[in-house]
């Protein structure tokens, strides 16, 4: 997605060989128009998959997911990283290790909003080692729902999460794939992506 | 906002005399079309205020804020409740006591995204005792920016936060004001609101 790549090239800050900071438009400050375009692109990539729900993880996954949900006219569920006092009924839970934040979170969703009749698109802001996606997949599997695919805003293609998910057979669509952050530079994977027209 | 009140009446669950659960469309599962309408209503309520940024608090404030930001064509910043490893530069911080969750959170924003030239609309999902809004106001004040007003999706008008903020002189616009949750029923404040047409 060229618009996203341009935004990353212009506004992304390389903090190390593995950490890209996109706080100016995705992870802290949010560019709503860019989110709308990202939502539209997810619709293009996952057209005709019969998606009934979008599942994401708080907090940075919410904005792109809500815009995709708006375009697809389906509800968005965000998994919580901590238990909420008003989220007390039957929970589906999984565990996600975050290497960036050096912590382990329990993530959970209510068992009311994803059921065996659902076809779920998982969306997240970053894909690195794939731990968050695997946790979300686990929640969908516990709900006995189908997984339509995994939509990622930014994939760190130099880490193994993308390969791991594709090897498991999940359709993974990443709107920007980063080949390397070495020497403070962002370089993208150049590839021809077969896009399903809307 | 009638659409919102209908949604609350149909889908809200009264957990106690003070706790309303709206996990089916706002706090866990999100209805993107409703969020879009909420965003439009915030635009109507705060038209001509010269808003340059929207500030909210993760996670439930993000969806309505992004839709308002889309309509106003301004960036959204969400304050974080915990420090992120990629959010390491100069932070503005405040403290918010959550009575619902029975915990105190440090909330923070980068000092890069709100500056003295900004006119900020604060948006949050709930207004009860006003602690979250006061924390967000504190952040805007630390940034020496102006406050255009406070936009709330659901105000528990039987708690004192709304009065507290209005007494301090802030324009507060709540899209649904709940008078009472007693005996398991949601009753709304009936009032005539002067709306600024778009």
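Cβ atoms here come from the backbone N, Cα and C positions, even for glycine.
Please treat TrEMBL annotations as automatic predictions, because they have not gone through curation.
Database features, via TrEMBL:
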type: BINDING; residues: B:20, B:27, B:156; note: xanthine binding site
type: BINDING; residues: B:128, B:129, B:130, B:131, B:132; note: 5-phospho-alpha-D-ribose 1-diphosphate binding site
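The binding-site residues near residue B:128 (5-phospho-alpha-D-ribose 1-diphosphate binding site), taking a 10 angstroms Cα-Cα threshold over the set B:20, B:27, B:156, are B:156. Those residues of the chain, other than B:128, B:129, B:130, B:131, B:132, with a C-beta within 8 angstroms of the mean position of the 5-phospho-alpha-D-ribose 1-diphosphate site C-beta atoms are B:96, B:97, B:99, B:127, B:133, B:134, B:159, B:161. The number of other Cβ atoms within 10 Å of the Cβ belonging to residue B:132 (5-phospho-alpha-D-ribose 1-diphosphate binding site), over all protein chains shown, comes to 26.
Here the Cα atom of residue B:156 (xanthine binding site) is found 8 Å from that of residue B:129 (5-phospho-alpha-D-ribose 1-diphosphate binding site). Checking the binding-site residues B:128, B:129, B:131, B:156 against chain A with a Cβ-Cβ cut-off under 8 Å leaves no residue at all. Other Cβ atoms within 10 Å of the Cβ of residue B:128 (5-phospho-alpha-D-ribose 1-diphosphate binding site) number 24 in total over all chains. Taking all protein chains in view, 19 other C-beta atoms sit within 10 angstroms of the C-beta of residue B:129 (5-phospho-alpha-D-ribose 1-diphosphate binding site). According to DSSP, residue B:131 (5-phospho-alpha-D-ribose 1-diphosphate binding site) is assigned to a helical segment. Within 10 Å of the Cβ of residue B:131 (5-phospho-alpha-D-ribose 1-diphosphate binding site) there are 18 other Cβ atoms, across all protein chains.
Note: the CA-CA distance between residue B:27 (xanthine binding site) and residue B:131 (5-phospho-alpha-D-ribose 1-diphosphate binding site) rounds to 18 Å. Under DSSP, residue B:27 (xanthine binding site) is assigned to coil, being neither helix nor strand in the three-state scheme. Residue B:156 (xanthine binding site) is surrounded by 23 other CB atoms, counting those within 10 A of its CB over all protein chains shown. Residue B:27 (xanthine binding site) counts 22 other C-beta atoms within 10 Å of its own C-beta, drawing on all protein chains shown.
Residues B:20, B:27, B:156 are the ones the record ties to xanthine, and the longest Cα gap between any two of them is 15 Å. Distance between Cα atoms for residue B:131 (5-phospho-alpha-D-ribose 1-diphosphate binding site) and residue B:20 (xanthine binding site): 17 Å, as a whole number.
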